[in-house]
Each structure stands twice: as C-alpha cells, then as structure tokens.
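Asker: Attaching a single structure in structure tokens format; questions to follow.
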Amino acid sequence: MSIFSKKAKQESLPAPLLLSEAGKVHTETVFYTMPAKFLVPDKPPFWTAGKIWLGVAVLMAGLIGVVYWLLATAKLPAARTPVVVSSKSSDVVVLEPSSSSSPSSEQPETKPVDQPSTEAPTEPPAVEQPPVEIPPPATSPSLSPLLSSSDSDQDGLTDIEESLYGTASAKVDTDGDGYTDQQEVLNGFNPKDSGRLVDSGLIKTYTSMTTPLFTVVYPFSWSLERGSDNNDDLRFVGSPDEFISINLEPNNNLQSLPDWYKTVAPDVDSDTLSFESIGSHLGIFSSDRQTFYFIDANRPREIFVVNYHSGTKTELNFRATFEAIIRSITVAR
C-alpha cells in the first residue's frame, strides 16, 4: 500500500472518540424505527373536565326534580267552599270566600299534630254517690185461683157437692158405669144412676124472660133470685156465702170479646188473654178463674158474664157446679 492510499483511508474513517466524550448523548440526533405515517396517534381520555361538570349538573337537576315532586304531592288538599243547606232540600246557599282570604294557589297553613302524651292520665277524684233508695214492690190483691174444699175420693166433686148430687164421697164412680162422678155432672148425666141429669130430679131449668130465649140448669136445692122482670140478671144461691150469678152486658157495637174486655178491664193486657172452651162456649176466664165471659152467636149483642161469688171464703165448695152451669147455658136459635 502506498503512502497516499493509506492517507486517504485514514481521512475517510471518522476520527476516534475521545474518552471525555464517551457517555454524552447528542440531543440533536432523532432516531426513527418506522415511518411517521404508520404511527398510531394517542387518544384523549374519556372523562374530561367538561364531561364531569355536565354529569354533575344533570344529577343535581334530577335531585331537584324529585324534591319538588315530593313537596308537591305532600301538600294538603285545598279547603272546600262551605255549603249551607236550608230547611228546604232544594235551597242550597254557597258561601263565597271573602276578598281577604288567601288565594287558592297558596299552600294552606298546616296545624301541628298533637302528639300523644306519654304521661299516665290522672284520674279525677272519686265522688261519693248517695245511696239509691229502691222502693218496695207494690202490693196488689192476689188473683190466684182459690183451692177447692175437701174431696175425699179425688173424683173432682167436693164432699159438699157429693151430697148435693147424692153420690158417694168415697167412690170415684158411684154408679160404676166407667165415668167419674165429676165427668157425668159436667156432661149432664146422672152420676148415681143411668139417664140424663135433667130427668134425675137433681136439677132445675130456668128459661129467660128476654129474647132470644136461653135456658140454664142449676141444683134443685138451690134458690133462684132475679133482678127484675125486665132483665135476666140471675143468682143461684148455694149457701149464705156462695152463689153463682149470670148477667147480660150490652154489646151494641158488636165488639169482639177481647175488645169488649178492654173496656171493663183496661189494666189487663189483652195480649195475655187466652180463650178456653167450656162446653160449646168459647170465652175468657178471669185470672182467679171465678168469672167467665163469652158471646153466643145467636145472641151477639150481649155478653154473658157468669161469676162465682165466694165472699170471704178461702176455699171453694162448688167449682164443678160452677162449670156445669156454664156448660148448660143454651141460647135458642
């Protein structure tokens, strides 16, 4: 190699770096790995400051709307216009609110609600009441039926009635025909023999003086008393203290028996009255069962009143005879 070629080669080679320049970076030099057109540009972040403020504004608007809706629905209903109704159903007067009243758009004033007290209520002091005086029950005369006098054989006829009809006081069925002595007397048969009672000579028959005529039988040994010739007020006297009477009371208005009974006994509740049949007569007994009232269809303008007068007696001697007389009353057609 020539000296000139060696020199040219040295000139073409770069100068060697000095040790003092060995760790330095030349900032002026930019290194590219690929062309710039192939580089992906950097994307901006999603949550920018503008988007954050917009989200906060939307959230605040929503909260304000919810609060407004809750307040609007919590308002009390507006007071209605008072209406005054007059005594006539068709007259209605509407009271208009005065000019000084607040407009309807304003929220009505709400009164505070009283909260229940937690304290125990105090009881008022006890007031001593005066004792109530209960009056004694009112006393009224007893109207309970009286008992019959002695009946040795318990056949329904008292011992005094047994002697009146000639029957045995120790035998229930004196003639032995299968019927008790009381049954035969009540049904008009001879209790001590065969045949009817009217043919036995033990009874008498009375025929009325007024019309329509009626007949009634009574014991032969009893006396008959009449009020006058113009009426048929009768008394059949069995003893100084006991007799049976028949009176005819007017019923010109043709009232029913209960309605008529109210006029003579207004204190008696007509609902408690009960009808009973004595023979062919349907009537009403008094509470002591010593008076019987009935109306006969053949004599409707009069009320038959049959009464057992016992005076001061505490026992009745002629109860069966009393019923037999009622049964025997027959009104002509």
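Positions of Cβ are set from backbone N, Cα and C atoms, glycine also.
No curator has checked TrEMBL annotations; they are predicted automatically.
Look at TrEMBL and you will find 95-107, 140-151 tagged as compositional bias 'Low complexity'. Marked as compositional bias 'Pro residues' by TrEMBL: 122-139. Feature annotation from TrEMBL assigns region 'Disordered' to 95-157, 171-193. Positions annotated as transmembrane segment by TrEMBL: 51-71.
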Asker: In terms of Cβ proximity under 8 Å, which residues at least six beyond the ends of the transmembrane segment (51-71) contact it?
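Answerer: Distant contacts of the transmembrane segment (51-71): none.
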Asker: Looking only at the region 'Disordered' (171-193), what are its DSSP counts of helix, strand and coil residues?
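Answerer: DSSP classes over the region 'Disordered' (171-193) add up to 6 helix, 1 strand, 16 coil.
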